[in-house]
Amino acid sequence: MPTTTEPHITPAVTPVSPQPERTPDPCVVVIFGASGDLTKRKLLPALYHLEQANLLPKDFAVVGVARRPLEDSFAADMKEGIVAGGGVEESDPKLDPFVDKIQYHAMNFDDASGYDALNKLLAEIDKQFGTCGNRLFYLATAPEYFSDIINFLGQHGMSKPCVGPSSDGKKNWVRTIIEKPFGHDLDSAKALNDEVNKVFDEDQIFRIDHYLGKETVQNILVFRFANGIFENVWNRNYIDHVEITAAESIGIEGRGPFYETAGALRDVVQNHVMELLSFVTMEPPVSFEASAVRAEKVKVWRAIQPIHPADTVRGQYGPGTVDGKPVIGYRQEDRVHPRSQTETYAALRLEIENWRWAGVPFYIRAGKRLAKRVTEITIQFKKPPLLLFKGKDGSKADVQPNIISMRIQPDEGITLRFGAKVPGQGMNISPVNMDFNYAESFGKSSANGYERLLLDAMLGDGTLFAHRDGVEATWALITPILKAWAEKPVKDFPNYAAGTWGPTAADALLEVEGRKWRKL
Ligand SMILES: NC(=O)C1=CN([C@@H]2O[C@H](COP(=O)(O)OP(=O)(O)OC[C@H]3O[C@@H](n4cnc5c(N)ncnc54)[C@H](OP(=O)(O)O)[C@@H]3O)[C@@H](O)[C@H]2O)C=CC1
Ligand SMILES: O=C1O[C@H](COP(=O)(O)O)[C@@H](O)[C@H](O)[C@H]1O
């Protein structure tokens, strides 16, 4: 397809620098699961990026909590993670002073005495670093520990704000960020919500989905609601269908035991993909307040019709080739059952039964070891009611519909495809692209999504976090599919080779309706 570089979109103004009022109160971030992959690769680099941007409070500290005795090596290990995972120079002048604010506390999550010792350490840190009793407990652990940690924090009086050690008599704040997956199905999500709500009030709880921290995801709302032209056509009258693809070329990266209990539906569809879907389809909220945004998201999730098993496809990758290199199949991965029934790919067709979307099909696919890494939302519009012109090959069938494609990652940007006259004597048309590219317009960002969310939690802003109603609404959609799949084991797994676009049955999902997945 020919691609124009004109007209080109450049920012009308230089991007604004961070607003000073976004600096949080003095506080300590306590990370449970601090020797884990997430902390080293994502959380510490994100905190450091905030420090570099002068967005952290001056009085600040981090306490890492995990089982192994790492007191002597933890800070140095985190420094290594910041350099490797955060694209930071080792000589960066802010790095060593930041690392000096990191401490480690070894304990077993199910040992009550460890929480007493942690509480004492936090009181010491308040004195040493001036963190005023404000605490953000980040649960970066396997989900089976969430309720234990929450309950122990409650039993040790660590979950409720009290008059802090600062001399102004102000109450401190205590908040918790809880990683995904939040529950395993609808019942377990409800039970976890009940447990957490016994210990923390809802406004203290920040259920994280790092997709909501991505600039491109937040920009879906800006694209729709800050521009006068798109929202008018954002409905069933103009839109033919919507596709959401969350494709990864990586496999399970050594996370066999976790992935065996999860699968693609639980790992990414119930959370990341459902969040994307809600941003594309929700009604405009009355404000950008947490309660207003969350209410609209929940409304649209609840308007999704029960998804029929016939409208679902599951897949599992076998051996194949990715980026020119041979890779093993899922069943050969470390600590994966050799006859595993876990899906590494899921595709769904769903409909939203409301005034705006009735009759518009939404096609969703997500999977591992696919042909490339790309997360993209495609809005395909209906063709004009009367086709006056022919396509390049001289036939009207060759006229391509308009699409808006939102590239969440990589190569972040938005493209509008429209028809243009092919130069010459005829009146033939050819599709061309109007393109917005983030990196060209705003420069390449090193943010990984966690920066924004960590800062929001420190500021007490829950807009970009999941509410209990939202978590339960998405599990209510996914749980019946999980049950239907569990009752009907698959006979043809593995059914796609690593490095391809997934099982052929996923193509059929669209083909029976005369459509095709967009080639990405
Ligand atoms: N990794 C990623 O990219 C992503 C992860 N997540 C979520 O983040 C969470 C953490 O993931 P990840 O970092 O990969 O997990 P890891 O398995 O790498 O880390 C687990 C951590 O928990 C600690 N731990 C385990 N059991 C105990 C125990 N009984 N007592 C004390 N500490 C214990 C481990 O400490 P020790 O080493 O001392 O045993 C380790 O620090 C999960 O919920 C995951 O779903 C979400 C999105 C992406
Ligand atoms: O939460 C998860 O997300 C990652 C994908 O995140 P991205 O930011 O790299 O798109 C996925 O690989 C992982 O399995 C899942 O647990």
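Glycine is no exception: its Cβ is also placed from the backbone N, Cα and C atoms.
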Among Arg22, Arg67, indicate the single residue that TrEMBL lists for the NADP(+) site containing Gly33, Ala34, Ser35, Gly36, Asp37, Leu38, Thr39, Lys40, Lys180. Arg67
Looking at substrate binding as recorded in TrEMBL, which candidate out of Glu243, Glu248, Glu289, Glu343 goes with His210, Lys214, Asp267, Lys368? Glu248
Ser35, Thr39: which of these binding-site residues has the highest Cβ count within 10 Å of its own Cβ? Thr39
Could you tell me the maximum Cα-Cα distance in Å between the residues recorded as binding NADP(+), namely Gly33, Ala34, Ser35, Gly36, Asp37, Leu38, Thr39, Lys40, Arg67, Lys180, rounded to a whole number? 21
If you measure between the CA atoms of His210 (substrate binding site) and Arg67 (NADP(+) binding site) and round to the nearest Å, you get 25
Please give the greatest C-alpha separation between any two of the substrate-binding residues His210, Lys214, Glu248, Asp267, Lys368, in angstrom, as a whole number. 20
Whole-number Å only: compute the distance from the Cα of Gly33 (NADP(+) binding site) to the Cα of Asp267 (substrate binding site). 19
With respect to ligand 2, which members of the binding-site residues Gly33, Arg67, Lys214 satisfy a Cβ distance under 6 angstroms to one of its atoms? none
When you measure from each Cβ to the nearest atom of ligand 1, which of the recorded positions Gly33, Asp37, Lys214, Asp267, His272, Lys368 fall under 6 angstroms? Gly33, Asp37
